[in-house]
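Engineer: Before anything else, here's the structure in question.
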There are 4 protein chains.
Amino acid sequence: MGNFKGHALPGSFFLISGLWWAGKYSLWYATRRNKSAGAGRLTTRATQRRVEIFEGAVMVSFSVIGMLAEQFVPDGPKLRLYDYTEQHWDRLMNWQHATMYLFFCLAGITILIVHSTDSAPFGLDRFLLGIAFFNEGFLFLYHLHGRDMLDVHVHQLLLYATFGGALTCMLEVFHRGNILLELLRGTLSLLQGSWFWQIGFVLYPPSGQLWDLKNHNNMMFITMCYCWHLAFALLTVAVVYSTVICVVRSRLRRMPPMEMGLLKPREREGESEDEIL
Amino acid sequence: MGNFKGHALPGSFFLISGLWWAGKYSLWYATRRNKSAGAGRLTTRATQRRVEIFEGAVMVSFSVIGMLAEQFVPDGPKLRLYDYTEQHWDRLMNWQHATMYLFFCLAGITILIVHSTDSAPFGLDRFLLGIAFFNEGFLFLYHLHGRDMLDVHVHQLLLYATFGGALTCMLEVFHRGNILLELLRGTLSLLQGSWFWQIGFVLYPPSGQLWDLKNHNNMMFITMCYCWHLAFALLTVAVVYSTVICVVRSRLRRMPPMEMGLLKPREREGESEDEIL
Amino acid sequence: MGNFKGHALPGSFFLISGLWWAGKYSLWYATRRNKSAGAGRLTTRATQRRVEIFEGAVMVSFSVIGMLAEQFVPDGPKLRLYDYTEQHWDRLMNWQHATMYLFFCLAGITILIVHSTDSAPFGLDRFLLGIAFFNEGFLFLYHLHGRDMLDVHVHQLLLYATFGGALTCMLEVFHRGNILLELLRGTLSLLQGSWFWQIGFVLYPPSGQLWDLKNHNNMMFITMCYCWHLAFALLTVAVVYSTVICVVRSRLRRMPPMEMGLLKPREREGESEDEIL
Amino acid sequence: MGNFKGHALPGSFFLISGLWWAGKYSLWYATRRNKSAGAGRLTTRATQRRVEIFEGAVMVSFSVIGMLAEQFVPDGPKLRLYDYTEQHWDRLMNWQHATMYLFFCLAGITILIVHSTDSAPFGLDRFLLGIAFFNEGFLFLYHLHGRDMLDVHVHQLLLYATFGGALTCMLEVFHRGNILLELLRGTLSLLQGSWFWQIGFVLYPPSGQLWDLKNHNNMMFITMCYCWHLAFALLTVAVVYSTVICVVRSRLRRMPPMEMGLLKPREREGESEDEIL
């Protein structure tokens, strides 16, 4: 996938999932905080489960599509790992990308199992997601041997976002329901997504004017550019968060207050998922 | 032990202990969760203690056998550390491997003491196990000077599993009884075990056809192969876990419900070990 | 800003903020501890909020001034990023410094929002401050390519203080109100400030007598000098802390005791901010 | 202090403090656990305080003696930092060692203040001790430029013990009174002490027969030797711990049981120190 589209595609996935996470967790946080005002009615536990299962299903289907695409594109390996006639490994790049998708697929399956049955321990979904991010970073880490300085550098910067995402997920296993960690995950996912696009623009510029991959000034600019992407991701999450908070509040104001006796059992349901662990 | 058997042997040990841990902790987790259904009868605290003591005894005996084997195999150092006639250290490799076994032996002795007496602080067993894993990784780390690129790489990949295992054990000291950490330990042990086999196949292929240890493509394949081993270890643990959960549930369904009065004291016993700390 | 003033200026900012933090948190800690003696009257929750908002406003204004100064000094880039006539990036140093200020500006805005509204989750202020410190260290890290040994070394030593500050802020997210972490943040800020001055004196000595940037003895002296700065920062914080504690105590002794009935509601207010999280 | 005595002296200090810590914390742990059997009488809170103050006083006096010795030995710098006649720094080694002692002196003063007054926050003593260990490791880290391979290696191995000690102290700030961390600190201190002796024997062998500092086999032996020192330190701490536990138990058996009414207030005192934090 050494082309512009090959970086824009995963970039878009990560951008969407970052936005999705920022919105989802903001909504749930607003619900939890305004429970006394009747916000429990907005997202019950049953709704939350359905949303999680939907998220898991989407993640599984996209990863399966990704794996199949990597294998069966015209110049893909078509499940052949070793070329016996020429005695070398066949299209390792595609295999590596398929392996990355494989772990996100496992993470998606785990989300499905955790939220549709009661058998799996809580926190397993975050754990597997953390492993998927770690695995992505791990493969990129040993991916860069012998490339140009700037090429190596832009991929190394990506590692901050992937390993940061993995660390965030692992912390979430122990501090489940912490809104800051959840938004941080959204932020790092957005950062990763927009950086994939940036890598595409740097290494395969659509304008056709190539960057000098050995220029020290380009390195310094790219580093700073990464910080701007981070600032942009932080701002996006902040905008999503405050929009959600405002919408929830204005809705609650318009809703007629319920009687306390009716409200209580539903509230409990709404919060129990985060407190079972 | 620079041969195929020398890597397959410890590999098998780690594979077995990974499976053992996955099974043991799944069973105890299922017991804890289904306590209200009478699962306390399946594993009482006394049984758990006996199982732990058995585990410690097996660990001690295997490590002692390992140490003796390293010393007294035909080309072993036979407890001689320095060769005074030729003025050099004698068979340092065997001594290093014996040192690794020594720390697992210490960990086994600690398990015996912690679970057969009440004198040692809880968590000491995990702590010593963590030190044993750390020590193994530490010796491998300074072991690789001047070897071929691929040889170094396969051993470095092993370090992720050993240091990961050490970190997991250390976290278990503070979060005892966390099922995710316990299963992670099992997973990393399986990973280490299957990777030892893989190292054996790469460096001393039984087929006789040697790998090119300086080929960059081989490096990239091996990195990806490590991820597959991780996926395989995760799947194995998942299979073990779900089998155990299913068996426990079907057994509970067939058991006649006990009276609550009789049940309670036993339940308490069953859970107390994890909560003393 | 490659001159003496360019290092003395941020150094002074960090020195002042270090002193400010040491004083502020010492006062609040003294208030919390002597609550039963009526210290709740010294700093109520409303006062604390006003102080925080003041801090945020100062941080925002200084960062905006910093950004403008970096852009519009006589030899600044004046918002031009790329020099199309000479085909290279324009004054990247100034842009990098402006980026650092940008993140401190974001941290300041977050402090304002967290403490003037109730919408943002608690801990977000520390979190953004941690990101600002991390970002500063991150830019310095990739800033040093191809400089002299001693130049690289003095900037690397600075990284201990910046990354240490980032780590402290992140820990504060989970352990909010821990006086040790708060004082550590003050200490590291003082260390960073005095070290900026030291860098100025080493690289651009006002006396005009240049240092030998390749001498190994200078390296060793500078390393030790950094430890002295740390000792100095620790002592300064200790002096500030004990002064505040003494002043609070002597004041409390002179105050007439209040009736318990009147005191209680105010006390509660005083402590609630740290316990909401 | 580039001689045998210069390594044996600090080594002995660390050995003694390791033994002291192992004994002290074992005794307190045994007291806490056997409180119901009347062990509260063995070490009351007042005794604990006196012991801590004694420890602080010893630490301060030894560090001051160390600093004076480094400065005023016949070939010491005698407080002169810069040799203006020959334009170079004067005996930086002695200054660096004095700086290390300075931080242990600060840690000792902190222990005195924390345990003799009520003004300082609890945990500050561990915190400063952690900084003292970190500072020691930090100075060693930038100390090794341009030495022989084995010389660098033995000092690098020392860093595992010093940074490990620093990390342990920092963890103790958050998990105060955890017996495992306290014994680990003792173990790492013993390890550091015995390793200082080992360094002395390797670099300045009293037998006069010099080691080959560039031999790879020596490196491998030294690495393994470090593991043996760790095993020795673990065993020593285990022996001290079990001796203390046995002595406490046999004493309790001989003591006549006290009435519960009398016992309770003293018990509370005994445990309060660890729980104030």
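Cβ from N, Cα, C; glycine included.
Here's the feature list from TrEMBL:
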- D:12-30: transmembrane segment (TRANSMEM)
- D:51-69: transmembrane segment (TRANSMEM)
- D:98-115: transmembrane segment (TRANSMEM)
- D:127-145: transmembrane segment (TRANSMEM)
- D:157-174: transmembrane segment (TRANSMEM)
- D:186-207: transmembrane segment (TRANSMEM)
- D:219-248: transmembrane segment (TRANSMEM)
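What's the neighbourhood like for these features in this structure?
Structural biologist: Non-local neighbours of the transmembrane segment (D:51-69) in the same chain are 13, 20, 24, 43, 76, 97-98, 101-102, 104-105, 107-112, 114-116, 125; each lies 6+ residues outside the stretch with a CB under 8 Å from one of its CB atoms.
Listed by sequence, the residues of this chain that lie at least six past the ends of the transmembrane segment (D:98-115) yet keep a Cβ under 8 A from its Cβ atoms are 49, 52-53, 55-60, 62-64, 66-67, 70-71, 122, 124-125, 127-129, 131-132, 135-136, 139.
Note on the transmembrane segment (D:127-145): residues 96, 99-100, 103-104, 106-107, 110-111, 151-152, 155-156, 158-159, 162-163, 165-170, 172-173 of its chain, located 6 or more positions outside it, place their CB under 8 angstroms from a CB of the stretch.
Residues 2-8, 10-22, 25, 150-151, 154-155, 157-158, 161-162, 164-165, 168, 222, 225-226, 229-230, 232-234, 236-237, 240 of the same chain lie 6+ residues outside the transmembrane segment (D:186-207) yet bring a C-beta within less than 8 angstroms of a C-beta in it.
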Engineer: Taking a Cβ cut-off under 8 Å, which residues six or more beyond the ends of the transmembrane segment (D:12-30) line up next to it in the same chain?
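Structural biologist: Contacts of the transmembrane segment (D:12-30) (Cβ under 8 Å, skipping residues fewer than 6 from its ends): 39, 42-43, 48, 51, 55, 62, 179, 182-183, 185-194, 196-197, 233, 236-237, 240-241, 244-245, 248-249.
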